[in-house]
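Per TrEMBL, these features apply:
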BINDING   HIS55, HIS103, ASP188, HIS192  Mn(2+) binding site
DOMAIN    30-111  domain 'Manganese/iron superoxide dismutase N-terminal'
DOMAIN    118-221  domain 'Manganese/iron superoxide dismutase C-terminal'
Amino acid sequence: MNMLCRVGQIRRCAASLSQTLNQVAASRQKHTLPDLTYDYGALEPHINAEIMQLHHSKHHATYVNNLNVTEEKYQEALAKGDVTAQVALQPALKFNGGGHVNHTIFWTNLSPNGGGEPQGELMEAIKRDFGSFQKMKERMSAATVAVQGSGWGWLGYEKESGRLRIAACANQDPLQGSTGLIPLLGIDVWEHAYYLQYKNVRPDYVKAIWNVINWENVSERLQIAKK
């Protein structure tokens, strides 16, 4: 009898410990809103402070919160072996996970000291794959402006060929998960990224954003992508 009691206690302790460890792991895996390295008004006049404040603290924060909630539900569905629930949660994971990934890249792609042209290996790769920086800029701008509804324009790296590619993704679809390209530079063309300042004239916003592109960050992303 005493042996059975001890076995029961051990099992209960193990179960309690497992639950605690799972809770700790879950808390460590929580996604958080990244801080900006510049003030909301630092990108003016190209992107005004009101847009940046709403875009970062409201829109991006919503993607982060919804992603955490969705992942919790997904873990519950996994634990229960509920495949139907897992499948039903996939769109929310894609949308909110993509929103978090895309915006986390976007903020670092921008800088109050940005603009101009890239240097070094990135510039050489652009010339090799597009003919000139101006041609790359024109092609990416055109692809970005042409996004139907909401989405993103991207400059990405194709690892298999070692080439730079331009692509557009709808909604919050993440570039790498959708195309296999590693994201280097993204331009957000959801209306919340520009409407308060540029109204419905998306081309003006896309033209202006080149003045705050952080080419050092894009270059660093290329170096990491090539490893």
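The backbone N, Cα and C atoms fix where each Cβ goes, glycine too.
Just so you know, TrEMBL annotations are computer predictions that nobody has curated.
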Quiz item: Least buried of the binding-site residues HIS55, HIS103, HIS192, going by other Cβ atoms within 10 Å?
Solution: HIS192
Quiz item: Taking the centroid of the Cβ atoms of HIS55, HIS103, ASP188, HIS192 as the Mn(2+) site, which other residues of that chain lie with their Cβ within 8 Å of it, listed in sequence order?
Solution: HIS56, HIS59, HIS60, PHE106, TRP190, ALA193
Self-check item: Which same-chain residues, if any, lie at least 6 apart from ASP188 (Mn(2+) binding site) yet have Cβ under 8 Å of it
Solution: HIS55, ASN102, HIS103, PHE106, TRP152
